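*Asks:* First the structure, then my questions, so here it is.
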Amino acid sequence: SMPLHRVLVYGTLKSGHTNHTVLTESEGTARFLGLGETQLAFPLVVGTALNIPFLLHARGQGHPVEGEVYEVDDAKLARLDQLEKHPVFYERKMEKVTILHCSETIDAWVYAIPKWADDFLARSSPPLRVFRENGEGHGRPFLAGRTRESITPEEGRQIYIDVLGHMPEDMPNTHRVFVYGTLKKGQPNYAVMSETEGSYRARGAGRSVHAFPLVVGTQFNIPFVLAKRGEGEPILGEIYEVDDKKLAILDALEAHPILYERKIEQFVMEESGVTTEAWIYIIHKWKDDFLATCTDQLSSYSTDGTHGRPYLDRNVREQLMKDEETNLFHEIMGYDPRDESCEIGVRKRP
């Protein structure tokens, strides 16, 4: 049998908190053993503009920290290491932890920040015994009440700068992205994944946990997923792990957040059956008669599928849009959002 590891989680991984799904639904197994408390005191503070909980590795300062103890396998520990950016940001430390219901003391892993900027404590909440992400006890609700989707990569980088005072050299900032259309291997825009700046790694085929309408539309025959969760069928696609650079290139291709919006959804990996979170690009606004001009709903896309509407090459499309003033936004949404928001990255051609 595989070796098991004990981990004390004290922040957003606790049940009822934002990242708990990482324990319950992603790779590997996790079994709840009970509430636990570190034997030694540590400063557990809420810091940065996004109100994130941090346990600082300063033994003897602050309070004993209460959390939940889980027994996890190798795969789950690796997933937690990835989430916590161990050992570049958090470091996994072995500490003495008391299981509260039976007063038994065990050794358990705790993710702690080993070094931090001189003024970090002054800018954070007072040390807590227990963290609650709704702000109870410290008045700083997690992510300042924002959704995870709305946090930009720049704001993500700022977290490291606020805590450490600098951006770590070798920060493995990876994002999982689910692609269902022309970015899939063998499809017309795969080169945007495989031949542009930044890194990418294929994780395999996946299927959305929820059903969504996937259709081919506009005169350019573009595949779209519409933000109508529960309609249509679960969608088959591919999951990639990409870095910040590659994500920015995909965002530009999809005209995020003006045309498509990048959202977090749950997907099942076809091979292993595990559930994971990934980004997906979804259309949020379309005009009333848009669906009438599209194909029937699909569960899987290929440019040469039986829908009979092969994708029109992007360069051809851009040439057409230049020559004939056809406007993709008008065709989908009924208006051009770039008219209203000049400050957003996608510019209208003069």
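Just so you know, glycine gets a Cβ as well, placed from its N, Cα and C.
For 7-115, 177-285, the entry in TrEMBL reads domain 'Gamma-glutamylcyclotransferase AIG2-like'. Taken from TrEMBL, the feature active site, proton acceptor covers GLU84.
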*Asks:* I'm checking region-level scores; what's the whole-number mean pLDDT for the domain 'Gamma-glutamylcyclotransferase AIG2-like' (177-285)?
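*Replies:* Averaged over the domain 'Gamma-glutamylcyclotransferase AIG2-like' (177-285), the predicted model reaches a pLDDT of 93.
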*Asks:* Validating a neighbour-count step here. Other CB atoms within 10 A of the CB of the residue listed as 'active site, proton acceptor': how many?
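*Replies:* Summing over all protein chains shown, the residue listed as 'active site, proton acceptor' has 20 other Cβ atoms within 10 Å.
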*Asks:* With helix taken as DSSP H, G or I, strand as E or B and everything else coil, how many residues of the domain 'Gamma-glutamylcyclotransferase AIG2-like' (7-115) land in each class?
*Replies:* 16 helix, 54 strand, 39 coil
